[in-house]
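**Q** To start, I am sharing the structure in question, which I have written as structure tokens.
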Amino acid sequence: MVIKFIPHLRVLSPSLPVTVFPSMKPARTICFNGSIPVLNRVFPFKLKFLGLSPRFNGKLITRSLSTRPSRPRSRASSEFTPKIRGDVRASKSLIEDEAELSDWVGELRTDSFRGRLTSEDEELDADRQRNRVRSSDRKRNGVSVKWRRESELDNFRESSKRETRGNFGDSISRKSRFSKRFGGELEDKDSDDDGEEDDESYSSRKSRGVKRENTKMDSRRGKRNERGLGSGNAGSGRRMDLGRKSNFHEEEDTDASEEEKGREMKGLENFLSGEDSDINAAAEDDYIILRKKASYALGLEKDADQTVTPRSSQGKSESYLSETRFDQISISPLSLKGIKDAGYEKMTVVQEATLPVILKGKDVLAKAKTGTGKTVAFLLPSIEIVSKLPPVDRDVKRPPIHVLVICPTRELAIQAASEAKKLLKYHPSIGVQVVIGGTRLALEQKNLQANPCQILVATPGRLRDHLENTAGFATKLMGVKVLVLDEADRLLAMGFRKDIERIIAAVPKQRQTLLFSATVPEEVHQICHIALRRDHEFINTVQEGTEDTHSLVRQVHMVAPLDMQFSLLYVLLKEHIADDVDYKVLVFCTTAMVTKLVADVLRELNLNVREIHSRKSQSYRTRVSDEFRKSKGLILVTSDVSARGVDYPDVTLVLQVGMPSDREQYIHRLGRTGRKGKEGQGILLLAPWEEKFLSCVKDLPITKAPLPSLDPETKKKVGRALSNVEMKSKESAYQAWLGYYNSDKNIGRDKYRLVELANEFSRSMGLDNPPAIPKLVLSKMGLRNIPGLRVR
Ligand SMILES: Nc1ncnc2c1ncn2[C@@H]1O[C@H](COP(=O)(O)OP(=O)(O)OP(=O)(O)O)[C@@H](O)[C@H]1O
């Protein structure tokens, strides 16, 4: 089979705008023989699962499980990656970052990885299945009991720690308000039964309980260590299975008769009420475990102060922080000082898990939930590696770049560079610079020349620009020791893949590569070999059996016809604002132009709104992003430019209007709230024909919420606001809307239906007739001669 790569995405996507870029050249077609699945067979990878053990003496214990026989490594990437060297001038990348992807997403979106699952995947699944069986066999033989016990204790300790976090009372009250609004399904037993208890007393009661538990746990940990229960056992080859802890009950109870169960229940109730808790100090471990088991068996969990939490949330809202302090690990005193100044004391779980592996020189593919400190996880070891390299002579004309960090969006690149600056505060000789699209290339070239730059953070498109247009840049890249792909799954997807392949070809083969993301779909495992060595470690800090989203983020979806959606959006925002004076809301829209329209409408409705998308200048984007980071009482309407990685503290609500491009994008957008173990809310507003999207996220705890009622006055108000919005904004939104859904596999298949829906969208904007669309655009979208469209 022959696969064709056509360099310019514009040519691929019929929905692209008509603007012609000077850099556009006639499409070249690069052909190579052999399908990607075949390449996968030839260049296999070895998956390593790493559970996070309870941590003892600051050490993380890892387990690895090979799912595939190792086969000889091959030069996969180089075979279909054209080499770039400094003087070769190729056309510029047309995709600067994800914001542009979100506008021109076209067919690339749905096809990025999906649809390429073949018998090879089935084979892989079979492998995994076999391993699962082996793993459960081991469990039946009692091998993993210790780990489970430790996990139970960790779970217990961590749930206690959670309670100590600031604003707990506030969180609870918000949670219960959210529950009230969205009905019984969300009833949260964390809060009081009647939901009336005031925040202060709740909060102080919690912290009392926690202190008690923490002290207990500390002494228990000491005892466990003495007894060797928690020893690493690193060589045993066993797989730690933290995710099993919430299945404790199911594993234990399957054989009990109904009568026995009844007896057990009574006994367990006594036990939980404390009547049976005749424990001595030496048996505290077992007491905790038994108590947990009893709780599970009863379908509820009582924490230290007897607060009941529903079983569904047990073990899922694990703390993002580990027990290990930065000063317990072996990093340079200069880094440690920087970390202290940044206010970090304990490592996050992903930092604790990845740091030792990276410092050992391994390639790493890491998965950790959103907002859990992945940036520091790859920056800190990278800085450590650079700090150990011999200093570069000042006279060297083209000092090497040692660490290259690639981010899919400009905002994310700026953020990562600023995090690096914080950590480098006491490393005066190590410089970090950022190169991103939307800024002047010449200015960046000057900066690169004038200032030290051992660490470079870049968006893919601009990096290629430098490779192709900045003298000596390719030579500098030959010094790369560590290559980081932040949001790796995005960067390895089709929209960026070609840029990434070119970048990989421009850095030395002898390097360390780190891939980080909150989502690592199966497809990434299959193609990560283009960046990673075969013996890389896959470090997954998301417990098996738990969701990829945070349990403290309440997720609901609503289904409403398009003609209700502007009014609904308004009502939902008003309700949220009324609930929380410190509101900070992100409203995600499908495309840049729809984002603009929604922002225009909400502005007309006198809400405090900002907008951010790729059609705004970079300086505007940076300014708005900074403002939103620092503000409260603000709504940011945004395209997917803000979907990944951007760290806005204390976002109270993420509202997604229209279906996200895929499951991963849903998770990343939602991940803008509930960061650093905090609480958050997510609402997904879908049209009836978008409901299919829910099947992609059926593993996530998204409950259906009833629609708020819309009074006639609200409808009128929203109608007036819509009529005040410029026609141009509506025209652009209509065209963008059509392009977005045209590229959806399901919706775009039936063009007649698509146009009907687009015209429904047009009516929802208050237009009697749909806006006319240029003939050329229509033919690029494959929509010529479809009834219902107006041509201009
Ligand atoms: N050890 C730590 N202790 C406390 N806070 C930390 C620590 N490490 C990082 N943080 C903070 O946690 C927040 C989230 O970090 P970061 O943005 O790196 O998350 P992430 O996992 O990359 O999220 P995303 O998946 O959305 O990109 C940031 O504000 C960061 O400063």
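Using N, Cα and C of the backbone, Cβ positions are placed for all residues, glycine too.
Curation does not apply to TrEMBL; its annotations are automatic.
According to TrEMBL, the protein has these features:
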- 126-140: compositional bias 'Basic and acidic residues' (COMPBIAS)
- 147-165: compositional bias 'Basic and acidic residues' (COMPBIAS)
- 185-201: compositional bias 'Acidic residues' (COMPBIAS)
- 210-220: compositional bias 'Basic and acidic residues' (COMPBIAS)
- 238-249: compositional bias 'Basic and acidic residues' (COMPBIAS)
- 324-352: domain 'DEAD-box RNA helicase Q' (DOMAIN)
- 355-538: domain 'Helicase ATP-binding' (DOMAIN)
- 572-718: domain 'Helicase C-terminal' (DOMAIN)
- 63-82: region 'Disordered' (REGION)
- 121-264: region 'Disordered' (REGION)
- 324-352: motif 'Q motif' (MOTIF)
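Show me how these features fit into the shown structure, please.
**A** Applying DSSP to the domain 'DEAD-box RNA helicase Q' (324-352) sorts its residues as follows: 17 helix, 5 strand, 7 coil.
Mean pLDDT, taken over the domain 'Helicase ATP-binding' (355-538), works out to 95 on the 0 to 100 scale.
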**Q** Looking only at the domain 'Helicase C-terminal' (572-718), how are its residues distributed among DSSP helix, strand and coil?
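**A** Summed over the domain 'Helicase C-terminal' (572-718), the classes give 65 helix, 29 strand, 53 coil.
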